[in-house]
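*Asks:* Just passing along the structure, written as structure tokens.
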Amino acid sequence: MIKILGIESSCDDTAVSIITKNREILSNIIISQNTEHAVFGGVVPEIAARSHLSHLDKALKNVLKESNTKLTDISTIAATSGPGLIGGVIVGSMFAKSLSSALKKPFIAINHLEGHALTARLTDNIPYPYLLLLASGGHCQFVAVLGLGKYKILGSTIDDAVGEAFDKVAKMLNLAFPGGPEIEKRAKLGDPHKYKFPKPIINSGNCNMSFSGLKTAVRTLIMNLKEINDTVINDIAASFQFTIGEILSSKVQDAIRAYEQITNNFDKKNIVIAGGVAANKYLQKILSSCAKIYGYRLIYPPIHLCTDNAAMIAYAGLERYNNKLFTPLNFCPKARWSLEDISN
């Protein structure tokens, strides 16, 4: 049986997974570093890299045990090799290369963003092409996924990523880290129309986005408030999340128009939202309604596959394994690596 080992270490989650040729996830271990970074209110790159170094061996042993797999049963090793915090990327990539060399099994360097981009093919087995909204703490872009290694970026944030905006606003409100889930939780208790926030470049007519001005508006409001209690926090969270939903809904419409100009896929119209922000239930509902108006189906992975994980890396490795797209061991990890720069 073909088994793919995936390794993910691009940010603050140490993850290892094994999947089969039939897209079955045998094991998917994630060791979170949230408690290590919470005191700093964000991820500290050096701490993250050192934690990956100490966690990877344990994660690998747990995955092998849980999946009842021997190292010699592994067909290939796929590892995130960029983009991301370069210290962690190097640790994970070198760990994978060492296994590849020792086991004499192929190594496959995976673009972390491609892992997110292909997750819906792992979970829903959807065909190419499809429209992707990649929304996470480090990235926010609309992508036409035309095939394996064939990606066309239709638009991106011109400043902050949407996930970063969630985390920064949560920090302003003294909510726990990571901030995205905390904002969503508080928003359920608040009034989404209490505060009116700006929607930067919403009428630009293209697929680019901006969240910096929104973040600044929230900060200004908080600074000018005389009292901040739970009710105020809930209302700010709800109003902020509502505004994000308005921005993304508008930009999805722009992205659909741009996507349809470069594809002729009018039978199976799918929009995929991937990345940590895809776990937000409110945004799932809002964007599903928006997609339906245009005859599209919105697909989002289960929560445990929205955030960083190694199953998506293993699956991207499986697609490349099936196409014999292996990577030489002298491949250099990259802190920056656009989807459009992936080479097959």
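Even glycines carry a Cβ here, placed using N, Cα and C.
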*Asks:* Based on Swiss-Prot, name the residue from Asp308, Asp341 that is recorded for the same Fe cation site as His112, His116.
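*Replies:* Same Fe cation site in Swiss-Prot: Asp308.
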*Asks:* Could you look at Gly147, Gly149, Gly155, Gly180 and say which one Swiss-Prot places alongside Leu134, Ala135, Ser136, Gly137, Gly138, Asp167, Asn280 in the substrate site?
*Replies:* Gly180
*Asks:* Looking at the binding-site residues His112, His116, Asp308, which has the shortest Cα distance to Gly180 (substrate binding site)?
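*Replies:* Given the candidates His112, His116, Asp308, the nearest one is Asp308.
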*Asks:* About how far apart, in whole Å, are the alpha carbons (Cα) of Ala135 (substrate binding site) and His112 (Fe cation binding site)?
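*Replies:* Between the alpha carbons of Ala135 (substrate binding site) and His112 (Fe cation binding site) there are 13 Å.
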*Asks:* Gly138 (substrate binding site) has how many other Cβ neighbours within 10 Å of its own Cβ?
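*Replies:* A 10 Å sphere around the Cβ of Gly138 (substrate binding site) contains 19 other Cβ atoms.
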*Asks:* Out of His112, His116, which of the binding-site residues is least crowded by other Cβ atoms within 10 Å?
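*Replies:* Result for the binding-site residues His112, His116: minimum number of other Cβ atoms within 10 Å at His112.
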*Asks:* Reduce the DSSP letter at Ala135 (substrate binding site) to three states and note it down.
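*Replies:* For Ala135 (substrate binding site) - judged by DSSP and reduced to three states - the answer is strand.
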*Asks:* How many Å lie between the Cα of Asp308 (Fe cation binding site) and the Cα of Asp167 (substrate binding site)?
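*Replies:* So the alpha carbons of Asp308 (Fe cation binding site) and Asp167 (substrate binding site) sit roughly 16 Å from each other.
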